[in-house]
Amino acid sequence: NVGRPCPLLSVHPSRCLVDEKFEVLCQHLLPALQVTLHALLQTEDGDYWEAFGHYLSDAVGSVRVSEDASLGGSYSGVEPMGLLWSMRPVPGSKTGLRLRKKDVFKPTDVNISLYEGHLNEGFKDKHPLASVVAQRWYTAPEVQRVEVKEKGLKGTLFIPPGPGPFPAVLDLWGGGGGLVEYRSALLASRGYVSLSLQYIGLTGDDGKPCIVGNDYFEAAFSILKQHPQVCPDRVAMMGLSFGVSVTLGMAAYSSVIKPKCVVCVSGSHVMPVNGSLADVFDEIKKNVKNSRFDEEQRVIWRDLLLPIPDDSSKKVEMGRIKCPVLLIVGEDDQNWPTSESAEDMKQMMKQAGNSHLLTVLSYPETGHLIEPPYSPHIKASNFILHETRNKVVVLWGGHTVPHSRAQEDSWHKTLTFLEQHLYSNDRVASRSNL
Amino acid sequence: MVATSRTLSTRVWPLHLVKPTRGLVDEKLKVIVRNLNPRQEVTLRCVHQDVWEGFGHYISDQHGTVTVAKDASMGGTYKGVEAMGLMWSMQPVPGSRKGLRTLSTRVWPLLLVKPTRGLVDEKLKVIVRNLNPRQEVTLRCVHQSEDKDVWEGFGHYISDQHGTVTVAKDASMGGTYKGVEAMGLMWSMQPVPGSRKGLRLRKKHVLSPMVFHISVFDGHITQGFSQLTALATHAVERWYVAPGVQRVYLQEKGVQGTLFIPPGPGPFPGLLDLWGGGGGLVEYRAALLASHGFVSFALEYLSSEEINAPTTDVKYFEAAYQILKSHAMVQKDRLALFGLSFGSTIALSMAAYSKIIKPRCCVCISGSHVNAVQRTLSETFQEIAKNVSKIRVEDGQVIWRDIILPIPADPSMKIDVGQIKCPVLLVNGSDDQNLATVESAEDMERMMEKAGNRHLLQVLTYPGAGHLIEPPYTPHHRTSNFVIGKDKVLMLWGGQAKPHADAQEDSWEKIVAFLQQHLYFTGSQAKL
């Protein structure tokens, strides 16, 4: 009985924010034992997602995920966070799922279990040797959530704890519409008042779907700027997909919106000069015949804005932008021609003489949905077209390992970029004099 | 802005207009005073945070008006027609610290605290960035207990040339702790001025976190924090339980206590957690041990009513041990005893004498082998009470350490530790004023040497530490209120804050490692 193994499984930290790493450690196994580490979570919709890695304990009976190589499973090699980013829906799940948190004040409990042997399936029918819980949060304690309804806007404000005032970010998601809060919640946890704005899929007073004009975004930016806990001269904009069209358009043309800096993820500058969201939709609709389908009938929309026009009236005049721009693009983006757009934007800014404002992060084999780190890579998912309510499966692109690295790297660079432009004192440039 | 009148002969109702009252720092101010007496001497003064001032001397015109943008200041911190003189001429008030930085650069400090949610025994990383270079700041940690007392710990820092303060690397120059102390904000916490006396910080509801607020303030502040606005604040949760730890209250076979079970299928090694003569049910240590992988049974063996006439006897502990041993989530051959103070005495007694309790190892904090627990606790307390004359009271503080001194030579007065068959870890503070633990440990060593089981004993003795060696970062209590029957006394536990904090941090790490080695390790008994 004395010699019987009593494995000890631990995850550290057991509670953290979703963009933080953890260490999974198994001890007191027999040496050279084949084991599987398995991660399981249940979404708010009731779906189960899992990831697993095959390991071999070392001479003292330990497995340390941050240092040991997974020999197979949903990820392989030395991958400290593979148990999270390689997650996919368990066999038998609905198809085309996407993992997105709705209630940002409830954590996600990830069950991490240790099984004997190298298993690939049937986890729920097997008895694990040990199991622990890694709890992951989108919000730090005492981040506040406030619904924004004034001036016809629909959004949610997240405010960091503390007296403030704070720099702020206007956070714009993409064509999927709805109100997506988790990135704003995370930005607030990092010290920024963040406004998640819903701007697609809104209905007018008549109950019919309406497309908002530029004044909608200007109102949102103003509300943010005037908030008592916001430093009015330190407000940035962050957009993904369609959100980038809005961000670049406003930064270039709006007399009201003067962001301190902008972050543009997976987007394009192609739209009529000084246009509105409606203009972007029209442009895209014109080319809908350019939709392609892959062998699994997943729709590829990247050609709808190609070729990048030479005509300068058909794109945002990048030379007009006066603030630093961080462009994040995936080179395997199958939804928007983001690489081509980024290249064109670079050329425009070179010619206009403001390319010193531009930083481009271009990630090979990375798709369209560049989300906060350790979120599972979604290569394709269900999408409901707003006007027709038809359901399609959209191909976003990317390969899991490089895409996951891109999410991790781009998020940290985004936070550094925001801190540099929104928090640092203006003495940064003359730091060498100190 | 204040306009002060020199003459008292004519009552004046001055009207002063300042515009804008909220503006950007680069906007001009319009300052006008009306309804003064004609040719009245006034001083206009601008003050910021009681530290900076700018002022000008004016004489009102024939209408009793002063218009700063048009009239000349005749003295003060600026002279002449200066629309914005009140601002740019500001200087530290007389008596201020020297070399204060000017207000020309607004600071947007970034306070980083990690983790914002952690277990109570995890270290915190606290960094402040984007301060001015060489800026004096105060870092403060504040907590409101379940009893609504407010506790605070704070340190005085100076940022480096980049405007950064790193608590783990920089020295605190004052406050409730000094020097380079990564966790000083926690362990040096004390009740705020004006609090009740003799307090002890202990969490009752262990399934909810303790919430701390960590703030950074401009300047080296020692009081009045609640009237100041911090530069930044973070909320930090510190938990006794890891996610998934279960709490089960047990009342079985006359035994009562709380079981804490780690997440997972189990079964797990188990331990019986015994507190001291204060009685009651103390759960937080068992909760924390469960977070480290042990089914932990916090046993209630002295309810506060019974403390003077306890009916509990040896069978109670054996029954508790049996309950633990036979629990579905417990590995029956991997059990330990964990005691503090009188709980350690119980643990040593059981380990030496019980036919039923056969632990794999024992952890005994601040305990003694003097006065065995052979039959009822009542008998043991009566033995102790025989020496009540040795209790000292100094400065209103009750000192119990002499009760068992000198350590008796008569073996019938002590637990026969030579009969113990498992490893024992003793953890003691050299400045223990409650129990003569260091002397007891020395005597135990001698007894075990003679009996041939000395190799089972490991003793950790911490200089400057007192009796209450708790989980790390718990504030040190040199004294606290203690109830004995109907009396409330101020008990002297001993120890000084810094060495006691070091003892708690070091001993906890060694205790957890000791338990894991003896309860989880797969090696054979011979290795022990």
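Cβ atoms are placed via backbone N, Cα and C, with glycine included.
Note: TrEMBL annotation is automatic and uncurated.
For reference, TrEMBL has these:
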ACT_SITE  A:Ser241  active site, charge relay system
ACT_SITE  A:Asp333  active site, charge relay system
ACT_SITE  A:His368  active site, charge relay system
DOMAIN    A:215-423  domain 'BAAT/Acyl-CoA thioester hydrolase C-terminal'
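What TrEMBL annotates, mapped onto the structure for a quick look.
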{"residue": "A:Ser241", "record": "active site, charge relay system", "DSSP class": "coil"}
{"residue": "A:Asp333", "record": "active site, charge relay system", "DSSP class": "coil"}
{"residue": "A:His368", "record": "active site, charge relay system", "DSSP class": "coil"}
- With every protein chain in view, how many other Cβ atoms are within 10 Å of the Cβ of A:Ser241 (active site, charge relay system)? 26
- Could you measure between A:His368 (active site, charge relay system) and A:Asp333 (active site, charge relay system) for me? Cα positions, answer in whole angstrom. 5
- Note on the structure: Quick note, A:Asp333 (active site, charge relay system) and A:Ser241 (active site, charge relay system): C-alpha atoms separated, nearest Å, by 11
- Message: So if the criterion is CB under 8 Å to a CB of chain B, which of the active-site residues A:Ser241, A:Asp333, A:His368 qualify?
- Response: none
- Excluding its own, the Cβ atoms lying within 10 Å of the Cβ of A:Asp333 (active site, charge relay system) add up to 28
- Surrounding CB atoms that lie within 10 Å of the CB of A:His368 (active site, charge relay system), all protein chains: 28
